[in-house]
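Encoded as structure tokens, the structure appears first; notes follow it.
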Amino acid sequence: MHAQSAGDAPLVIGGRAYRSRLLVGTGKYRDFAHTRAAIDASGAEIVTIAIRRTNLGQHPGEPNLLDVLPPTRFTILPNTAGCYTADDAVRTLRLARELLDGHDLVKLEVLGDRDTLYPNMPETLRAAERLVKDGFRVMVYCADDPVQARILEDLGCVAIMPLASLIGSGMGILNPWNLGLIIDRAKVPVIVDAGVGTASDAAIAMELGCDGVLMNTAIAAAGDPVRMADAMGKAVVAGREAFLAGRMPRKFYGASPSSPTSGLIGRADGGGG
Ligand SMILES: CC(=O)[C@@H](O)[C@H](O)COP(=O)(O)O
């Protein structure tokens with residue numbers, strides 16, 4: 001387990017506190033054993049599972065991911081990967097609630113097209129409204145649009161999850177300014193979801209003030225997923241520490257010597273550098 005930043009509050013989502021601010025996916029691994037090994041190395045406590053692609057008991061007799069990731073140990077976050085309409089997403093999460101004995105913390109994603117996997121925001125808003133009314137605690141994958149993010153929060157979503165870049169692209173954070181606007185306004189946790197490629201991306205998300213980071217491909221598709229998972233866990237803690245510490249002000253195109261400039265031996269001009 002990667003240490004929580006000293007003196008930091010836990011991440012609270014839907015009324016439950018977590019020490020780790022790294023959330024991970026479960027897809028794209030060679031087998032369930034590798035999935036578990038990488039998740040253990042990441043220190044993540046919340047793991048998201050694509051209900052349409054993973055057996056959680058809907059296919060009796062086949063390997064069940066819950067045997068490898070027991071809900072007694074992990075918070076299971078069913079997600080609607082592969083859903084393109086609000087109807088599909090709502091139906092999928094109702095199935096998940098049945099399979100998981102009434103579990104109601106879910107990740108909503110309604111995709112807009114098969115090339116970009118960009119969120120379809122009108123359908124996402126429709127689904128979020130229905131799910132919240134139906135008693136779900138909804139964490140929602142969304143565009144990095146501050147207005148849409150605020151509408152989702154007003155609808156009652158428990159976490160806002162803007163993309164860093166396209167799902168599976170590993171392109172990192174393409175619009176830190178929009179993320180900053182979302183973070184400044186949100187009263188629920190903001191968790192960057194999708195597009196993280198390497199540890200520095202995760203650290204930057206946390207330095208920006210995100211409450212957490214969700215990722216899958218950067219770990220599962222790494223040369224050594226267990227090692228990358230460990231690196232991601234450390235990066236999230238390091239980024240959070242830097243955010244809490246408060247970065248120095250930037251000096252755009254203005255240097256400032258890092259050593260004293262007065263009283264230098266044998267120099268009348270102060271030197272510097
Ligand atoms: C696992 C999951 O929920 C994905 O839909 C998510 O958006 C992660 O994206 P990356 O694979 O780019 O990390």
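Each Cβ is built from the backbone N, Cα and C atoms, and glycine gets one as well.
In the shown protein chains, 27 other C-beta atoms lie within 10 A of the C-beta of K107 (active site, schiff-base intermediate with DXP). For the recorded site, K107 (active site, schiff-base intermediate with DXP), the DSSP three-state label reads strand. Per TrEMBL, active site, schiff-base intermediate with DXP is recorded for K107.
Residues or ranges marked as 1-deoxy-D-xylulose 5-phosphate binding site by TrEMBL: G168, A194, G195, N216, T217. For G168 (1-deoxy-D-xylulose 5-phosphate binding site), the count of additional Cβ atoms within 10 Å of its Cβ stands at 17 [all protein chains shown].
Sequence annotations record features per position, and here TrEMBL assigns domain 'Thiazole synthase ThiG' to 13-260. Each residue in the domain 'Thiazole synthase ThiG' (13-260) has a pLDDT score, and their mean in this model is 94.
Annotation for T217 (1-deoxy-D-xylulose 5-phosphate binding site): spatial neighbours G25, K28, I167, G168, G170, criterion Cβ-Cβ under 8 Å with sequence separation of six or more.
Its own atom aside, the Cβ of A194 (1-deoxy-D-xylulose 5-phosphate binding site) has 27 Cβ atoms within 10 angstroms in the protein chains shown.
All chains included, 24 other C-beta atoms sit within 10 angstroms of the C-beta of G195 (1-deoxy-D-xylulose 5-phosphate binding site). In this structure, the CA atom of N216 (1-deoxy-D-xylulose 5-phosphate binding site) is 14 Å away from the CA atom of K107 (active site, schiff-base intermediate with DXP).
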